[in-house]
Structure formats: structure tokens, C-alpha cells
Amino acid sequence: MGSLLSIVLRSATRIIRPIIPSSVLSLLSGPKPVHPLQTLQFDKEAILEKYQAERAKRLRQDGVSQFKSARSGAYDRFRQDVARPQSREPIEAETKVLIVGAGFAGLVAAVKLDQQGVQDFRIVDKAAGFGGTWYWNQYPGAACDVESLIYLPFLEETGYIPSRRFCYGPEIREQVNRVVAKWDLARRSHLSTEITSMTWDESILRWHVKTNHGDHFITQFVVMATGTFHEPKLPGIPGIENFKGDHFHSGRWDYRITGGDETGNMSQLANKTVGIIGTGASAVQLVPKLARDAKKLYVFQRTPSSIRFRDNSLYDTPSLKKSLPPGWQRQRMTDFANILTGQVVDQDCDALEGLQELTMRAILKEASDAGVTVQPEQIPELMQLADFRLMQQIRGQVDEIVKDQETAAKLKPWYSFMCKRPTFHNDYLAAFNNPNVELVDTDGQGVSYLTETAVVANGREYEVDLLVYSTGFDFDVEANFYRRTGIQLVGSRGRTFDEKWDEKGPSTLFGVHIREFPNLLYVGPAQTGVTANWTHTTYAVGDHIAEFVAKSLRDGQYQAFEPTEEAEEEWGRRNEEGSEMRLLFAQSCPPGYYNREGKPEEIPARWAYFPKGIIEWTRITQEWREKGDYQGMDKR
């Protein structure tokens, strides 16, 4: 369209030149219009040099090993359930499907199975309640950072509309329990139960599953929905075991120590000095609550987060409920995912607030408004300029909010927007204006060590009564399955899950089916279609699992399924597409869990998400199921 228009304009200029003023002709024959982003005055080299300098100062030789899993010996108490689960008698039972995990992925799989007519299943989870991440993360201020209307599962089916755009933990768990009640899932669940081993028995084509209570389940299918944000990760700093004050991980908040609840009101901190190590997504939500209630708060920072504001207003629930057509939630999820991947959708999707500036949709709209046609070869430059602009705005916002210039400078993020998990909070930056709050920036080095009573950073001791580790979860993609789950998983050829994947990284079909582990259905990000809304991924994978299991049980012809080696290899190759570009970007970022603490080259390309996104993954898997011949599967 753009080239056709230019031909028309050039022809018109030649024809009408005698009767058009020279000033107008100069506009027609002058420089071509440029995208508004290309008019911005950025010193690209200086910005990228600053990014690299900030990255370099944070790099460590020990990489991910600088952190300690809470499963390791001395740190085990940091992962224990505050609910103090009780002992019970062992259970011996057979079932068609055993679901490992009662978080969103496990619950969605259970509901999808139920909807497909498969009701002989059991759910097992180490937590004392449902919700997975949202069971463990009950710290003050915990809230979702994806719009509630697409994040909370089964809103349409339960008839519930969230109270606000980004709802808080208690409301999320209320919806979880609403789902549990509607589909009678509690009756089929075993909570406060940790699976210790799973072994395939080829003689009966079933899994033997054992737990810490001495349970023994025999099951045909296993849905492995163990999740990612549940096993606390601690900084590997000397002295943790010797600290005499109170200390816990943010994912195991202990209100017996702080008082209050998830809204705050931590009255028992009124005369205490509190330290928090970490400034990631959880800390950003926590700090304003601690700032309000603690006598003194030290915030120990390695790398600042990018902070954005959001409208978190209340919904007009009755009118919103009336306006939503059938199928609205799944459609809204689809629109959200499509826009993020640059696809054209029929309507605007305000669920993208805070993310829309870097989408192709936004860049093309800005071009259209300026009368500019974007050529494919311009897209990388425009995306980078959009990122520069956004990060400049984020840093400018820090200057506007934080009164102390030295503190403001230390809170500014110097990296590309998606290098670290984006965070959103309207009160985090302002908390540093409180006289009782002190930022302890470690210039990328982290805390040095703990004494019996203090945190040592930058050569200075900071005495604290309570220390909170807001240092994330054991999300390292290279961490072995046993370390992350505590499950000794042994397949049909006598090899463990870790021995299989240690060869060359994940080998799967669709990210779900795994050779040597028959009837094991894996729910995880590797080789699966994902989007910024994890709930959407659980829906897509849940549909695939439920329809696959239901068809297998209805047909009854085969008892066990596992992908062929050729099918795994082909799917692995498809997942490696674009890995070079992903690696280059990750190598430009400061250390974090996105890039294996600054060593992304150690991550096999096969650990990547399916590169074409959740919508294409859904289409591929749906077509595979509709063919009905289990293509790429060994069957017996």
C-alpha cells in the first residue's frame, strides 16, 4: 500500500506541478516521513554501554550456585509449611489419573478431566491448602500482576467477577476454593502429602507412587503439575545458620512473628528493625507494607526492578457481568496472547495495561497515526527504540517520586525492559521517602554475610530483629527434577527423569509427553506454548491432557503411550528455532533467573518455550488430537 501511494504521489506531482505552490511541492518531494520512534534523540551507544557496565559488575563466577535450595540440609526449615501439617494413616489405592500439584495447573487439569467425563482421579500436594503459588505466597500485599479477568481460572463457569483489575491473594484463593467446591475436588485430594517416589511398572503398565505418609497409589496416568514458584531459594551467604533473630522466606510468611494479615497491620513490628533481602516482584509488593508497620526497614538491593504504575480500580461488577458474552474469558485470554505476539485482533484488549508499549500492535498503530509504513527490516530497530523510550520513562518516574537524589539514582534500572520480570506497584517508590526506610544498595554485589544479629553489606553492619529473604524460588531450568520436587522419578528403562534430561536437555513431544516415562503428562514451560498469562497455558495444556486421557480410556485399545525418539527429536528441533536471538538478548541482561544468573549459554536451546507461542501450540496439538491416530507415539 505504501509503495503504491508513493507512485501515485510522484505521478501527481509531475502532472500538477504548474498549479501548486512551490512550498506545497517541497512537502511532496521532500524527505519521506519517519516513524515517531526514529525522531527520538537517544545516544544508543552510551545506553548500551551503561547496560553492559551494570551487567558486568553483577556477574559472578558461581552463577546459580550462589543460591541455596531450601531442600538442602540446614535450610530445610525455610521450606516447611507454616500450617504444621498433622500425621495420618497410610492410604493404599488405585486410580486412573494421579495429579501432582494443587495449584492452577493441577486444578485446571482436574476440572478439564472432569468435564471430559474422567472422574477417577486424585490430587496430591505437599501444601495444606489449594492454590499452589497462592497458597505459599501469603505475604502482606501479595497480588496478581496479570489482569484478574484472564488470570483467575473458571470465572465464567463459577459466575464470579473479581472485585478489581489486579486482585489480591485472599480473593485469588477464594476463587480457587470456589473451583474446588464446584467440582468436588477436595474429596479427591490428599493435601499435606509429599510424593517421594514414582516408579513405572512395565508388567502392569502402571505407576507406583509413594509418599511421606507411607501411601501407595497405583495409577495409569500421572499429570505432573508441580509448578515453579513454591520451593524457596536462599542467598548462599555465610552466617544464615547462625543468625539469632527471626528470619523466614517471603514464600513462608509467619504472621505469628509479625502479627497482622495480608492487608498488613503487622502490629508486632512496631518496635522492630526489619531487613529484607531482594527487590524483585515479591519485595516490590512487600516493601510498602513493611514500611508502614516496622519501626525501621532496611531494603538490601542487588539489582533494582523496573517499576510501573497501574490503574487497580474496583470493577462495577454488576454491569460488567451483564456485558460479558458467552465465552468471554477464553476469548479475552486469546486476544491478550495474540496482541503480545503481534497478531491482529478485532478489538482492543485493555488487559495489556503496562505491557502494550512494546507490542507490534502499538508500534504499528503509532506508525499508522503518523502516516508511516513500517518495513519488516525496520522492526528490530523500532522495538529497541520503543524499549529505550519505555525505560527512560521508568527511570524518569523514579526521579519524580523519590525525593532523595542519591536514593533515586540507585533505584533506576539500567537494562532492557524484559531482562527482568516487570513489576507494577503504585506505592513502592514512594516508600523510600519514609524516614524509617533505608535503601542499602550493594552496587550489584549482594549482601556479604550475616552475624548473629546483623546483615553485613558494603562493609557495614545493619542490626535487624527480623530478616525476610525475598530471594525468589528454585526456578533454575538446569536444576534437577529431584532437587525441585523431592520425587525420585524412575521410568520404563530404569533411568531417572534427571538422567534422561541430563543427556541433551528436555526431550518431549509438545512439552507434555516424554519417552521412557509412559503416560506421564508434564505441565511446565519447557517446549510448551506459553504467554504472559500462565493461566492461559494451563488451559491449553489442560485441554490437551484431558482430551488425550479421555480418548485413551474410551478407546481402551492401548494402556501405555510414550513418544517415539523421532517425534521427540523433531519437536526439539522446532523448539530450537530462534534460539540464537534469544541467547543474544539474554547475554545482554544482568544476572537473574531469566538468564541463569548471567550464564544463558549454559541453558540448552531445548529448554526454551515453544517459539511460536500459545496460540500456535494450541492449534498444533488440537489438530494432532483430532487426527486420533496418536501419531509419533509408541503404544502398547
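Backbone N, Cα and C define each Cβ position, glycine as well.
Together with ASP125, THR133, TRP134, TYR135, TRP136, TYR151, ILE195, TRP534, the FAD site in Swiss-Prot holds one more listed residue from ASP145, ASP201, which is ASP145. Among the binding-site residues ALA143, ASP145, SER282, ARG302, LYS420, the ones whose Cα sits within 10 Å of the Cα of TYR151 (FAD binding site) are ASP145.
Other Cβ atoms within 10 Å of the Cβ of ALA143 (NADP(+) binding site) number 19 in total over all chains. In this structure, TYR151 (FAD binding site) is part of a helix by DSSP.
The secondary structure of ASP125 (FAD binding site), as reduced to three states from DSSP, is coil rather than helix or strand. Here the candidates are the recorded positions TRP134, TRP136, ARG421, TRP534. The one whose C-alpha lies nearest to that of ALA143 (NADP(+) binding site) is TRP134. Around the Cβ of TRP534 (FAD binding site), a 10 Å sphere holds 20 further Cβ atoms from the protein chains shown.
Across the fold, the C-alpha of LYS420 (NADP(+) binding site) and the C-alpha of ASP125 (FAD binding site) stand 30 Å from each other. Taking the Cα of ASP125 (FAD binding site) as the reference point, the closest of the binding-site residues GLY280, SER282, ARG302 is SER282. Put simply, of the recorded positions ASP145, GLY280, SER282, ARG421, the one whose Cα is nearest the Cα of TRP136 (FAD binding site) is SER282.
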